[in-house]
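**Student:** Before we start, here is the structure in question, set down as structure tokens.
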Amino acid sequence: MASAMTCSAAELFPHLGSSANATAAAEFICGRFSAVSEYLTNTTYAVDTTYLLFSAYLVFAMQLGFAMLCAGSVRAKNTMNIMLTNVLDAAAGGLSYYLFGFAFAFGAPSNGFIGKHFFGLKEFPSQAFDYSYFLYQWAFAIAAAGITSGSIAERTQFVAYLIYSSFLTGFVYPIVSHWFWSGDGWASASKTDGNLLFGSGVIDFAGSGVVHMVGGIAGLWGAFIEGPRIGRFDRSGRSVALRGHSASLVVLGTFLLWFGWYGFNPGSFLTILKSYDHSTRGTYYGQWSAIGRTAVTTTLAGCTAALTTLFCKRLLVGHWNVVDVCNGLLGGFAAITSGCAVVEPWAAIVCGFIAAWVLIGFNALAAKLKYDDPLEAAQLHGGCGSWGIIFTGLFAKKEYVNEVYPGFPNRPYGLFMGGGGKLLGAQVIQVVVIIGWVSVTMGPLFYLLHKFKLLRISRDDETAGMDLTRHGGFAYIYHDEDEGSSMPGFKMTRVEPTNTSTPDHQNRSVNVVV
């Protein structure tokens, strides 16, 4: 926030001469000057708040992207179920984050482990936080819950979604965000007391670890405890593809997520009207420039990962697969999210290239271990998110680190950029700590749900599809009027006769897709 300008009549009086009206003139000028200064300060607050709110709207729009991606990645018979769970993530997450989550994450002053103020937004707004900041952080929290829902899709009871979503957004995720983003967090790069982990703190600018790893590791435990979907592996243990029913929805969801990522990463600056040191650059350069650079690094990482996946999968499986390319693109985004603000654009290309291979490698490992994740969420967000954290410890640039995290000019930066290994060490600790924390919280939760038979649906329900057995009918209804079909919930497509000499009614057939 821009510092307020001040004016003192006593300081101005000597410059107005010794006339009788000099005092009155000085007071008048200072009064007008103070009014202008207050107006500019208010304008700065308004612009920064508008920027943050717009970023929050973009991040929230990612929920629509998640919904479309999930819907397209599951079979048609489970479409309504997965769409409802995405709505539930936002709704249940909203209440739990309001009541507990935000306080645990940012309730300062507090200790290094957990926040303890602002429960139910009490004493809000304050000098430190406004309502726009809560909305932005809530959008991040429900993004983590949405990641988890993809891992356990097509076989999970509805009540389990309610329980895990509330617990994740109200407790598990907020604790992690407190550790790495709060001014009191023990590993935060913005720690107010200056006692930084390894002299640097953890740089996870927009949440490769805080958001993506948390959601991915939670999904890993849920999918592992539930086991694979029926038919995912045959009797001999070979992988059988249970393809999603709509590549169109997958592509639509991917583009919506891409669009929302411009609020996710650049929006994490929180403010836009902030100037930087002009000694090396002109007045044209400020936080607005860093925001633009962050959008560029985000774009390049995703594009590189998409193209790398495209050609790699062509060589590995022999065809061009749009769903694999979409997942590769999102893997690049998940990876660059940690260091997007502190790396050069060329480094983002490196990040995206390796992220694609990380995703391909984890998918191969998942198939070998008979692990079933319909959206590859654990591999994508957990695996690529982990790589993104390590990447930041290797490629963070000194100049950008000092701009984004000011006040400590000797702060360590990327190993490959000449900054030593301290930042990399802090990043490795973040990976280990997140895996441990999410495992000891979400793992037991999913296990208890499993033991109390609240986690997985019955075999008959899973075979028939949850839309029919749990939600009153299928998502897609299409009637072929010529055939007089009245089977609700089935998509009917006509196959025209190939022999025109044969009566039409003898060769006409109907494909039924569920």
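Quick reminder: no glycine exception, Cβ is built from N, Cα and C everywhere.
Feature list, courtesy of TrEMBL:
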DOMAIN    51-476  domain 'Ammonium transporter AmtB-like'
TRANSMEM  49-74  transmembrane segment
TRANSMEM  95-114  transmembrane segment
TRANSMEM  134-152  transmembrane segment
TRANSMEM  159-181  transmembrane segment
TRANSMEM  201-225  transmembrane segment
TRANSMEM  246-264  transmembrane segment
TRANSMEM  346-366  transmembrane segment
TRANSMEM  378-396  transmembrane segment
TRANSMEM  428-449  transmembrane segment
**Student:** May I ask which of the stretches 49-74, 134-152, 159-181, 428-449 has the most CB pairs under 8 A with the transmembrane segment (246-264)?
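**Tutor:** The stretch I would name here is 49-74.
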**Student:** Is the transmembrane segment (134-152) in contact with the transmembrane segment (95-114), using three or more Cβ pairs under 8 angstroms as the rule and ignoring pairs under 6 apart in sequence?
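**Tutor:** Checked: the transmembrane segment (95-114) vs the transmembrane segment (134-152), in contact.
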**Student:** For the domain 'Ammonium transporter AmtB-like' (51-476), what's the mean pLDDT in this predicted model?
**Tutor:** 95
**Student:** So are the transmembrane segment (346-366) and the transmembrane segment (378-396) touching or not, going by 3+ C-beta pairs under 8 A with a sequence gap of 6 or more?
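**Tutor:** Yes; at least 3 Cβ pairs under 8 Å.
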**Student:** What else in the chain is close to the transmembrane segment (428-449), if you only count residues 6 or more beyond its ends and a Cβ gap under 8 Å?
**Tutor:** 148, 160, 163-164, 167-168, 171-172, 175-176, 179-180, 187, 197, 202, 204, 209-210, 213-214, 217-218, 221-222, 225-226, 386, 389-390, 393, 455
